[in-house]
Amino acid sequence: MDAVAHASAVEQGPNLRQRLAARGFDAVTLLVVPAAIFSLLLFVYPFAFGFVLSFEPKAGGDWLANYRRFFSDPFLYETIANTLWLAIPVTLVNLLLAVPIAFRVRLMRNQRLLTTILVLPITLGTVLVAEGLLNYLGPQGWFNRTLMTFGLISQPLKLVHNYWGVFASLVITGFPFTFLLTLSYVTGIDPALEQAAATLGASAWQRFRHVYLPLLMPGLAITFCLSFVQAFSVFPSAVLLGEPAGSTRVISIAAAQAAFEEYDYSMGSAIAMIMGLVQLGIVVAVLASRGLFYRGPASGAKG
Amino acid sequence: MIRDTTLGARLWAAAVWTTVGFFVINLIAMIATVVTSSFATRWLGTWLPAGWTTRWYTSAWSEFQLWDVLIVTFQVIGAVVVISGVLGVTAAYALARREFRGKRLLVLLFLLPLMIPSMTFGIPLATVLYRTGLAGTFWGVVAANLVPTVPFVILVMIPFIEQIDPKVEAAARVFGANTFKLFLYVLLPLLLPGILAALLLVLVRTIAMFELTFLVAGPTSQTLVVALYYAVFAAGVRAVQSIDAMAVIYMVTTLIWLIIALRFVNPTQIVTRAKQPAH
């Protein structure tokens, strides 16, 4: 077998294996195959399956029936507006808080304690935060009690089982996420650039506006996108802390209800596809506007 | 380092720190509320409960069958960590060492499950798992949880493997090591810190992974976080303190692993996944 292969290699030049190796395909490359197959089976295939399934309505009708039903039933199509009404303000608040704080924390020598505290709500997860906030923000909770002790309010504010409960939970879990991402981008910018600007007489605001902000913009766009898609797919806290039949009936609730309460997987998939499309639309819009800003090295000059 | 000493700059710094302080105080108070409530006999309309007790822990333990839930949780996590380690590290090695056509597409394929929220791909995934009969079983839960963790390990490991000099491997080959020996005596010791960090991050993320487990779990394959969700969802059926005791047990489970993980990784790594590609 080997001898035959060798003989033909002399006659025909490099054999298939050698030609593949020259293009980077050899035994080592094959190591990627298990993970790739896994990803195709459990990620690409379900997505494609769900996409096709969404055009095969359970109740019959033509292929667009699910989508037509979604956009004609206010109980369904209003979930998009409800979700956007939560996700966009929360993401903006998180980002607007994260940027100045990241700029301050970057100067700190020992950031570890703060970053550790901030990583707590992310690792604890939305379910625990929802359970904690139910007590803490409730009418008898410490938050309202403190405000009343200081005389800021005379009656407890209603902060749970409505829009603000979900908003608070998205800030508690979302802000650390946004902040840590922003911090990693801010610390990636060479401080020498700021020092150069300061030497040339730029004020703090000018240094931020004309040196840091343009360099930071691509990173902020990515941060916005990642924070937004997280907030947009809010599920447990919208059920536990909001009013899942009213103002915080978000799109993931509608999708989960259709698929796992009405057992209409076709409709559930259709709503999941719409959810993905809205996310994609916002992400593409944000990333496209990134092209309007500076793109280039964020490290010091010299090579 | 540039320090501004003008009044405006000081006021601005004070405002920023006040915001941070406000956030941290609320966060700690929220966690303290759960812990206090879990030890309370009766807590209505006062700053602190009327008395203290630990009986909610025993009642939560039996009511929610926490022993079974904890065993399932650790079995799921163990399986997810091992499988994502094996699949992820091998794939990362190939992606770090070889250039081939379609590599960028493959990296994008692995990046997508991390960018797309689990709720979006979880619903079609759960549909497929229900059709195949895997949903509701132990392996269905493991399979669903692997979807974001395998890419996570790959993306954490690629830069780690890239910084190991391939000449070390070539030298081992020159001295006659076969692939198995090369892996066992050269690569594994060099890769161990990276693998450990990646797998600890997977562990911490899997304990708190709610959405995917929620969508595919059956009554016997629930993890702790899903059991907690159902307990809060059905609040009113059971005493609040009992649910809070369960929440504390969940918190302790998570925090033990978080503390272990933080000895090996930077807190920012839990969020930023991998070194972001240059934009």
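The backbone N, Cα and C atoms fix where each Cβ goes, glycine too.
Database features, via TrEMBL:
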DOMAIN    B:70-261  domain 'ABC transmembrane type-1'
TRANSMEM  B:12-35  transmembrane segment
TRANSMEM  B:69-93  transmembrane segment
TRANSMEM  B:105-126  transmembrane segment
TRANSMEM  B:138-161  transmembrane segment
TRANSMEM  B:182-208  transmembrane segment
TRANSMEM  B:214-235  transmembrane segment
TRANSMEM  B:247-265  transmembrane segment
Review point. Going through B:12-35, B:69-93, B:247-265 one by one, which has the most CB pairs that fall under 8 Å from the transmembrane segment (B:138-161)?
Key: B:69-93
Check your understanding: Of the stretches B:12-35, B:105-126, B:182-208, B:247-265, which racks up the most C-beta pairs under 8 Å with the transmembrane segment (B:69-93)?
Key -> B:182-208
Check your understanding: For the transmembrane segment (B:12-35), what are the same-chain contacts with Cβ under 8 Å, counting residues 6+ beyond its ends?
Key -> 244, 247-248, 251
Exercise for review: Quickly jot the same-chain residues contacting the transmembrane segment (B:247-265) by Cβ under 8 Å, restricted to those at least six beyond its ends, or write none.
Suggested key: 31, 34-35, 38, 57, 60, 66, 70, 73, 193, 196-197, 200-201, 203-204, 207-208, 224-225, 228
